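Right, one structure below, let's go through it.
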Amino acid sequence: MPHDGKQRSQRIPRSVAAVAGIAGLLLCLAVPLLPVRQTTATVLWPQGTVDGHVSQITAPLVSGAPRALDISIPCPAVATLPADGGLVVSTLPPGGMDAGKNGLFVRANKDVVVVAFRDTVAAVAQRPAVAAGACSVLHAWADAGAAGAEFVGIPGAAGTLPAEKKPQVGGIFTDLKVPAGPGLSARVDIDTRFITAPTVLKQIVMVLGTLAVLTAIVALAVLDRRSRGGGTLINWRSPIAWLSRYRPGTHLANWRRVGLATWIADAAVLATLLLWHVVGATSSDDGYNLTIARVAPKAGYLVDYYRYFGTTDAPFDWYLGLLSRLASVSTAGVWMRLPATLAGIGCWLIISHWVLRRLGPGRGGLAANRVAVFTAGAVFVAAWLPFNNGLRPEPLIALGVLVTWMLVERAIALQRLAPAAVAVVVALLTATLAPQGLIAVAALLTGARAVAQAIRRRRASDGLLAPLAVLAAALSLILVVVFRSQTVATVLESARIKYKVGPTIAWYQDWLRYYFLTVESNPDGSMARRFAVLVMLLCLFGMLVILLRRGHVPGVASGPRWRLIGTTAVGLLLLTFTPTKWAVQFGAFAGLAGALGALTAFACSRIGLHNRRNLTLYVTALLFVLAWATSGINGWFYVGNYGVPWYDIQPVIASHPVTSMFLTLSIITGLLAAWQHFRMDYAGHTEVKDSRRNRVLASTPLLVVATIMVVGEVASLTKGAVFRYPLYTTGKANLAAIASGLSPTSCAMADDVLAEPDANAGMLQPLPGQTFGPDGPLGGVNPVGFKPDGVGDDLQSDPVVTKPGLVNSDASPNKPNVAYSDSAGTAGGKGPVGVNGSHAALPFGLDPARTPVMGSYGENSLAATATSAWYQLPPRTPDRPLVVVSAAGAIWSYKEDGTFTYGQSLKLQWGVARPDGSTVPLAEVQPIDIGPQPAWRNLRFPLAWAPPEANVARIVAYDPNLSSEQWFAFTPPRVPVTETLQQLIGSQTPVMMDIATAANFPCQRPFSEHLGVAELPAYRILPDRKQTAASSNLWQSSEAGGPFLFLQALLRTSTIPTYLRGDWYRDWGSVEQYFRLVPADQAPDAAIEQGVMTVHGWSRQGPIRALP
């Protein structure tokens, strides 16, 4: 009877687990196919009038092409165009970049009317026939099936094109001067397939499915408690176990058991992570993810803002949804990076309090070894800091991997299946953070055999249906997360676009990920990142060698150690299936690296005492890792480099490369190991005396090496923040945000970038009473070789050459990328005739009517020289700290570190104008020139360089080089009237912030996207020239579906001079101002008609056009 009672007590939870599991599985499987409510958006034209005629409208579609387009123009309206023709109608303004290549254009000349979709003619009609009334209406259309046009009534004047010719729409533009009337219409159905919300039915199913899965897991937990055997597990603790055994007043005692070493390690690791949170460098994708999070509420979904034609980020979007919630509180970096830091803290506490105790329980085990605990902390931090201090998903993936491993171990240790079910949920949540989150599945795979044995062992009491149903239901729960608002059709379409646009790299080329780590002069192959990956690989393969050779390490549990090694190895294998191969994805292994570090240090402390040669080989390997790591630069992303030593070179000490020092030491220890190996045949023994000193020496090499790297990394960034203060750094911005209480008045880089809204306002005036020649005061008395038209026509700057592996770069993965990048208006050309007869197109908004130019271009027979008249300096004030000369060509200058850029001599000479009318020359100074040559740029002469008595200045130019490439041109000096970028732009003006800059300007508002239509920005904030050329201009390109798709089609740009406060040598980036090609009063923003329709989960509204 007791046995029957036990059977009955098992039957109920077993039945509940089976029924709830099957129900949860079926409900969750149905979620992707259930209907959703899709917001529809339509633009109708005409809208309003200008001077009694139909007005043009602006409506830049995020997807480029619409879902459907239908335009009808009465032929009598076409006949109203002038005799020489004009624009009948178009979907892009004619002056935009590649307008004809991308848009629909209906043009008329004196002979014909032509309808062209993307430079392909669809229909042609003779203009006299149109004017004579032979046709009634011109009809043009495009949809998922085809594109075409027809002059109704004219035989043969029609044509159809493939659907790939569907045009890009930025609005409706026309030269027609006709009133709105019957037959004149345009309809643009915007592609809003991703702006969806679950229907009531879908919400009910998701809620019921989630509840059913949770019920099944709870029922399985009840089965676990009733089915477990009498065996107990010694020294096992996990967060789940701790919570289940929580008793008030007892938890502190449990935590004290870990020992003093663990508490010291906890304090050191947590302090380092918190310090790094403030001073540490950010990741390459902080701006990317922050902008997506900020625009999501108005966009209606988590839109891929910088690429991929406005597709959704699903299935990898739940983390971005979390960031969007955080951004609604504050966009300050120190706030937005909290998830990453909390994930780091969580990872370490799991390692120190549970993973190590699982790997080596007991008094003599790994968890009780102080050096192993300290090594775990050092290796973990060394692996965490270079990768995981930003908004990328790797920090959460690292945490998810550890939690999954821990739950699997709990399931195995206690022979319980509920932790395994929870592990499945956690692993799949981790996998949907990003493609590299797939490594969390490795923990499931390595523990699957042991879990399967537990299922078989309990088959008699629990059966197979209940546990398998629960595990399958747990597996299906991820569908609720991924398809909570999207459908299977939209997610598949998003994936199709991403694979079509790229970049994607095949799985068998995963070696490129490791190659990127070796690329010099690249932050992704920096010293810190190289060390993190190399030391993890050393620990992984070192432990494999030790265990395969020796089979057992006393003090280390056999099963968990193999599953830890297997999780890492299988994780690296699964990483090959990610479509991108960025080196930053190694950050997902940070938690595993820390645990492997402890395991390796403990194992080597045991075997090192057995054989001197093995210990020496261990030290040799570590020295070689250091040598390889320090062959990279101490580089960090973008502003993370500010003030950091060796950010662009290999570390050096006393002019000697550090890498050579470590390589020499590794060679010496390698030779010593070889000598010890051959001596083994003659020595009586090779063991080291088992003393405390020798045990410490055998176990500490990895600890010492990892600590050196951690101290170097933290000291580098801290030094930059402290010694540069009050100049801009990430640390300064974070401290300011904290001090302000995350106030919106703390605006990071926008508070330190000085902008010159009107370059003409600061122009200096000549000192009265001077004489000068016909070229004006800028030419001085008798210029030789310098003339107003001495400026080259083509001032395109030298190319930027970057090496492979740069994140968010659409360049070749295996050869250098050569790209050009010039600020708007700086690449030369012809412009209006200037005040002294120059025809050069001036940059930075300089007014040619007030700005003379002198240059030596074309003077190839004698040395050119010119000394300008004296210009009056204004009284010195803190808000006007510079004298600036806009110049082009090759100019000699020195960088901050003393290296020079070759060119010809342009100097500024200070002087003193005395009351008696005389002028006394003072010192001459060379400019600060951030480049690039030969484009127009602003040479800087800090007024702090001027003698206190100086009140005038003049330009002294000398060009003795007769080479056609060695010339330069200049404009008069000015003292810019500046204001901060925050004062110029404010927090409400829409701005296009490039990926690299977006996280550094938290107060600026990224242009919004609403109902599939983009808001046109007024400004663009760019990073430094190299980053712009290698990343921004490629990743955000129109061909890839980035914002340039509509920005370059609808806007023109001009560069605003900017300077980073106090950091005059710094190329921080630039600011460009946008102007509409068709002004807003002529083509106002379109009114959009909004609606809602219900679509099924499998419904596909045709492919999004994603062709170049």
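Cβ coordinates come from backbone N, Cα and C, glycine included.
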Feature transmembrane segment in Swiss-Prot, mapped to one of the ranges 121-143, 696-718:
696-718
Under 8 angstroms for C-beta pairs, at least 3 of them, ignoring pairs fewer than 6 apart in sequence. Is the transmembrane segment (258-280) in contact with the transmembrane segment (421-443) by that rule?
no
Take the C-beta pairs under 8 A between the transmembrane segment (582-604) and each of 12-34, 397-414, 421-443, 463-482, 653-675. Which stretch has the highest count?
397-414
Per DSSP, what is the residue tally for the region 'Disordered' (804-825) in helix, strand and coil?
0 helix, 3 strand, 19 coil
So, do the transmembrane segment (463-482) and the transmembrane segment (616-638) meet, by the test of 3 or more Cβ pairs under 8 Å (sequence gap 6 or more)?
no
In the same chain, who gets a Cβ under 8 Å from the transmembrane segment (696-718) while lying at least 6 residues past its ends?
272, 275-276, 279-281, 369, 371-372, 374-375, 378-379, 381-382, 385-386, 527-528, 531, 535, 539, 597, 600-602, 604-605, 608-609, 615, 618-619, 622, 625-626, 629, 634, 636, 640, 644-646, 688, 730-731
Long-range Cβ contacts under 8 Å made by the transmembrane segment (421-443), restricted to residues 6 or more beyond its ends, are 216-217, 220, 240, 315-316, 318-319, 392-394, 396-397, 400-401, 403-405, 407-408, 411, 470-471, 473-475, 477-478, 481-482, 563, 566-575, 577-580, 585, 588-589
